[in-house]
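One structure is given here, and the rest of the page talks about it.
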Amino acid sequence: SLLLEAGFLAVLVAPLRLLKWRSTAWRPHDSVTFWLVRWLLFRLMFASGVVKLTSRCPTWWGLTALTYHYETQCIPTPAAWFAHQLPVWFQKFSVVATYVIEIAIPLLFFAPIRRLRLFAFYSQVLLQVLIILTGNYNFFNMLTIVLAFSLLDEEHVGRWLGRSKRRHASSESLAWPPSLRSFLSTLLELSTYSLLLYWSVQSFGLEINWEKRLLDSKVAFTYHEFTMWLRAVTLPLVGLGFLSLSWEILSALYRCACIRGCFWKLWATLQWAVFATATVGMFAISLVPFTYIDYESNGKLWPGIHQMFSAVERFQVVNSYGLFRRMTGVGGRPEVVLEGSYDKQTWTEIEFMYKPGNVSAAPPVVAPHQPRLDWQMWFAALAHHSSSPWFTSFVYRLLQGKEDVIRLVQVDESRYPFSAQPPVYIRAQLYKYWFTSSAEGGQGPAPWWRRQHLQEFFPTVSLGDPALESLLNQHGLKDKPSPQRSADALLPWLLRSLRQLVRPFSGPAVLWSLYLVAATICLLRALGRRPRGGPRRGEPTDRGGAEKNGQVRRKEAKEAEEKGEGRARGAADSHGGTKKKK
């Protein structure tokens, strides 16, 4: 959902330019469409923090969610094991920090002071980087960081790239004396930080325990108080967004009016009108999924907005968000372990590439790759196998020895125990997994996991088994004739060629190779555009060299002038001497 909405916004933020003439890197209305990215980031983060409390999950209300999160998430990383070993008081404080970053700090996205927006930016990036280090969530966190770039300005990004530009003193003093404006800005900034700290201490009972040398924390408000607060702020937040958008639209209109040339001013104003209308429309329909966090506020929206949202809902250009609403696996991480056999006596576990199985295997790092099968196995373990009909088809394909399905389990055939011949029987067992503690060391390599068998997840079946056939028929998963396609068609041939090309490599290796190739191309293009000699356009030249060159030029001009005057005197003398001779 996030990728679909961000992709649609990219059409507005960076549309394809068919007219290359008179194209510039910056357009007056760019800030209007770019504001939608900031609004998407705000809805994503604020809703993600709110739903943790509206769900009434006892782990989120007790601030103990992260004591379970690291080991129960879909596909943890090795760093998740180390994070799981942190003391409980630190885990609870981390939950408090998560609430502050997701609920309170997003309000600063629309702050008029740039340093507050920069503080909000680095807070969001910090949270996403920590999630990337401790969990494999494909491209999601990287995409969120990209959305957070909407909080930056050209000056700050220029510092990263080493080409920052100082603000002119004249522009600083247009509306206010610089000293007074800077003083008030600093005062407001410090007041915001103080208010944020005070709110955090009061809302979560932060108190230093000097005897135990730890930081105590607890939720200091009730569910009723929180829902009343949420109901009171939801519509004002909509108003805050509207005021921020209105300011961007009016500022863009002023920039259009400042463009030189009647034609180009009219052209910029026309573009501003089109993109401003599209931005206001996107903002309006996004209010429906945003106010899902409080249904009473949702019912107060203008009925026309609901009708507009219903018309585009199926395209998912705007969505509601709410991450980690409830913490699963509180009593241990449920995990499905597949087993195969040839004689129904000796069973061999089928190990997956990414999900936990072998207790001695380290958790992998696979982001930004999304291993769909391993991810769905995590969801399948949360309920009965009948809730995941695809699992029956998965077992059926393994019994058939389908190569494409086996490659979803293991790319390396040597690690698949039935690569030579498909198993005759397959069953699935349900286990509970926990991270080992740092004290569970012993001889040999220490295991990453410990597990306990719970029950049978899927009964023992084989090809032709009546129970398997019944399940396949029940879910409509029996073999169906595939549609006839021309073997010489270009697209099927191209896809087969690509699959054969990447066949020996894992998903993360393919993705990172593509990213590195793209980064290399961008780097080479940037180096190719860089002028080989002399300063870049728009950059100040070396003052020392300029002064030296100016002195040389003045000296050469003076010498040339003196030579010219000498020639003139010589010509005049020769002319006078000739007249005397005559």
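Along the chain as shown, the residues are counted starting at 1.
Cβ from N, Cα, C; glycine included.
Predicted automatically and left uncurated, TrEMBL annotations should be read as such.
On a predicted model such as this, the values are computed, not experimentally measured, just so you know.
Sequence annotations record features per position, and here TrEMBL assigns domain 'Lipase maturation factor 1/2 N-terminal' to 1-157. Annotated transmembrane segment per TrEMBL: 93-113, 125-152, 233-254, 266-290, 509-527, in sequence order. The annotation domain 'Lipase maturation factor 1/2 C-terminal' is assigned in TrEMBL to 317-459. Under the heading region 'Disordered', TrEMBL lists 529-582. The feature compositional bias 'Basic and acidic residues' is assigned by TrEMBL to 536-546, 553-572.
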Interface-richest range of 125-152, 266-290, 509-527 toward the transmembrane segment (233-254), CB pairs under 8 Å: 266-290
Given a Cβ distance threshold of under 8 angstroms, which distant residues of the chain, six or more beyond its ends, lie next to the transmembrane segment (509-527)? 368-369, 502
Per-residue pLDDT averaged over the domain 'Lipase maturation factor 1/2 N-terminal' (1-157), given as an integer: 91
